[in-house]
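Peer 1: Have a look at this one before I ask anything.
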Amino acid sequence: MATILALETSCDETAVAIVKNRKVLSNIVASQIAIHQPYGGVVPEIASRHHLEAINHCIDRALNVAKIDWSDIDGIGATCAPGLVGALLVGATAAKTLAMVRNKPFLGIHHLEGHIYASYLCKPQLQPPFLCLLVSGGHTSLIHVKAHGQYKTLGKTRDDAVGEAYDKVARLLNLGYPGGPAIDKLAQTGNSQAFPLPEGKISLPEGGYHPYDFSFSGLKTAVQRLVRKLEQKTAPLPIADIAASFQETVAKSLTRKTITCALDHNLNTITLGGGVAANSRLRTLLQNSTEKNHLRLCFPSLEFCTDNAAMIACAAVEHLNRGYNSPLNMEVQSRLNIADILEFRLNERERERMKID
Ligand code: KG4
Ligand code: ZN
């Protein structure tokens, strides 16, 4: 029964949470969305500076809300990869310092592993193997979770991440940043059949299409062309219908490939993770399709879909319960494939064993 305090600062949320096994004791998120909004996206330097300003206050609040003190904490976790390096550094350095000062183990966590673990917070009895559809601002993958820490990517996007496509289409429709929630809301009032849009497909050299890989850049370009065409003849622009048509195409593509992948690999449980997992249409379509195909579906509640530290703490609990922790010289990395996580850990262990700084 480990209790972990974890920090997540990989992008534009300063987040601190305390999790006892799979129970969330506190979950503090200081969002920087309003700060980055005028720029239409995240400005890395501004993000790091604001993490630095917010982090101590968030840590104090997490302890106060959980009503516990340092003696109840068994380990300190932080996201170490992937993400914005300057932003990651703030959380990782704060966590390492706390681990040193409070004499607790430090646990460096992969951000995507955190998104996978978000589902455990809502379904504590969840156990691998399962298939996770991971859909965020930077990633779109179908990950076979074979066992704790053992991941195989079965499908991924060949170009834009789905969250990125949402953000770009939202910019085209002047809906601001981040685009996902704005399109989701607007789409509820639009006609999803108004404009047929192409679903991205990846051709295979031997003919046919890749069954599990995604492509969203063609769809984004199609929306761009549609907007230009409509601007010339329709005023005002039917943005709700465009948003609904785009959202329907995305949700259908993600659902179809996820179900095919799960059935092909005999995986009867599907989980969702990442900011786009909050999407209402995706949740409905997946719910309907899993029921039809007698599969189990498990998705995190909305607060654990977008970036948060509870998911990072939940992954850290699992590591600590297995007797694993990270060296204090663990570096942050802007890119790291989740499939390489094992190698990443072996390297750490090796470094620790050989006492290499
Ligand atoms: O997981 P996340 O918070 O950060 C990353 O790790 O990238 O995901 C952020 C992404 C953004 O692109 C945002 O537009 C998208 O998730 N998003 C949504 C929704 N809520 C957030 N996309 C579609 N529908 C939503 N309801
Ligand atoms: Zn994320």
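Every residue, even glycine, has its Cβ placed from backbone N, Cα and C.
Straight out of TrEMBL:
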- 23-313: domain 'Gcp-like' (DOMAIN)
- H111, H115, D307: Fe cation binding site (BINDING)
- L134, V135, S136, G137, G138, D167, G180, D184, N279: substrate binding site (BINDING)
Peer 1: Whole number in angstrom, please: the longest C-alpha to C-alpha distance across L134, V135, S136, G137, G138, D167, G180, D184, N279 for substrate.
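Peer 2: Greatest Cα-Cα span of the listed binding residues: 18 Å.
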Peer 1: Pop the Cα-Cα gap between H111 (Fe cation binding site) and G138 (substrate binding site) into the table, whole Å please.
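Peer 2: Counting only the Cα atoms, the answer is 11 Å.
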Peer 1: How many Å separate the Cα atoms of S136 (substrate binding site) and H111 (Fe cation binding site)?
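Peer 2: With the alpha carbons as reference points, the distance is 11 Å.
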Peer 1: Using a 10 Å cut-off, grab the number of neighbouring Cβ atoms around the Cβ of D307 (Fe cation binding site), all chains included.
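Peer 2: Within a 10 Å radius of the Cβ of D307 (Fe cation binding site) lie 27 other Cβ atoms.
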Peer 1: Just the number: how many Å between the Cα atoms of H111 (Fe cation binding site) and L134 (substrate binding site)?
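Peer 2: Each residue's Cα considered, H111 (Fe cation binding site) and L134 (substrate binding site) end up 11 Å apart.
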Peer 1: Could you give the Cα-Cα distance between L134 (substrate binding site) and H115 (Fe cation binding site), in whole Å?
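Peer 2: Just about 7 Å between their Cα atoms.
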Peer 1: Round to the nearest Å and give the CA-to-CA distance linking D307 (Fe cation binding site) with G180 (substrate binding site).
Peer 2: 14
